[in-house]
């Protein structure tokens, strides 16, 4: 916040708000003694810098109080307040020497500030002489654009709005001007603007650390937020409130941005297209993340284990593994989750909601990724290909499991029998052999199963559903593995080879049966 050199000071010295941090009474009460001391030091430093440049009138009572370390609270008026001593008197004109960076010598800025409680505005007109180090500051009074003429309360003088255009005509920036969105400062080069903006970034970071505390805390899970609106959105996770409803399908959302995103599913709009592979996305941020697949960029790194990620959301999810934090708890079964999305997906188990429906066969799913994987059954798409053996897979999880066949990796070991598995779900399924647990029950015949996939396959006996169809002979199957085995009849593929005699088979069961002959020969 401190004024570092004159050009920045002139732009930021028209109203109190431009050089001060303002607090409401409630916000002031939330600050710790250390934060109030920081506030006082920053304000006094700003005032001292402005005094040294000769741009201020008599010292206001406010700063006398601050110097004496008296408790002070800014006035809380609807339109804010403007201090007369912060600007030059209309009759006075001064020339001030200043040290100006070389790259800024050919720049000038006109900056206007408005008082929200009045119809007139005051502007500081800054004339920056090219190649020199002299600055002329003149106070001018202009009328509100919506009124033909209005008297300024400070000087009593009246001007038409045309005066502004007349006086500022000679000060138009070049076509290649780059303006800072934070303070309005103009630069002739984008590289200079980027350097300048780092000052704001550092200031904003410091303000967040010292002043902008996360004051809005959720009573349910203790998570804190900078803004009350963010807390309100977060609390809807706990309450289940979804005030934004889609008129097309009736689906409801907790935030309006999610509804806007969802509506593009109905329209089919995907305006953001990858220029490398042509893949299109609903959101620009998704395209940015996708681009990193091509570039290999992973800018978000875990400071504990150094693992890197394509997007911040994946890093946040990963960091919860280290912290063990699971703030989202299901009121139905007590299960807790480290992500709100996982929590919402879990709740659909209890509600039975399956909002993602296949337009080919009508099958519905709880999560969109399951629908995407399912649709590949119809399209035959297998985007995940193994570099070792050339085998392709419909989903990434199956591909990841397959790769462990080549590496021999089995990191998940049973604590009861020491048997090892390639993935955690296989271990969980195996452990149910020891416990006898069968948590998945058929709602038609009440037969129970130890894993969900077995229940899904069983239900097809009742429904007679055969979703896996051969494209060559149209024969259909209940299981995808049965279709894969059947297709080898057409292709002649025999991937299972006997290591004793070299004979090959199209099914593992046939290979096992064959190997028994070798054992019998011995």
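Residue 1 is the first one shown; counting continues down the chain.
Glycine residues also receive a Cβ, built from the backbone N, Cα and C atoms like all the rest.
A quick note: this is a predicted structure, and the numbers were derived from the prediction, not measured.
Straight from Swiss-Prot, the features:
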DOMAIN    14-84  domain 'KRAB'
REGION    147-170  region 'Disordered'
ZN_FING   178-200  zinc finger
ZN_FING   216-238  zinc finger
ZN_FING   244-266  zinc finger
ZN_FING   272-294  zinc finger
ZN_FING   300-322  zinc finger
ZN_FING   328-350  zinc finger
ZN_FING   356-378  zinc finger
ZN_FING   384-406  zinc finger
ZN_FING   412-434  zinc finger
ZN_FING   440-462  zinc finger
ZN_FING   468-490  zinc finger
ZN_FING   496-518  zinc finger
Outside the zinc finger (356-378), six or more residues from its ends: residues with CB under 8 Å to it: 345, 348-349, 394-395, 467-468, 480
Residue counts (helix, strand, coil, in that order) that DSSP gives for the zinc finger (244-266): 11 helix, 4 strand, 8 coil
Composition by DSSP (helix, strand, coil) of residues within the zinc finger (356-378): 11 helix, 4 strand, 8 coil
Remote residues contacting the zinc finger (496-518) - C-beta distance under 8 A, at least 6 residues beyond either end: 485, 488-489
Intrachain neighbours beyond the zinc finger (216-238), with Cβ under 8 angstroms and 6 or more residues off its ends: 208, 254-255, 327-329, 340, 343-344
Non-local residues, at least 6 beyond the ends, that sit with Cβ under 8 Å of the zinc finger (300-322): 285, 289, 292-293, 338-339
Long-range Cβ neighbours of the zinc finger (272-294) (under 8 Å; 6 or more residues past either end): 261, 264-265, 310-311
Cβ-Cβ under 8 Å with the zinc finger (468-490): same-chain residues at least 6 beyond its ends: 377, 380, 457, 460-461, 506-507
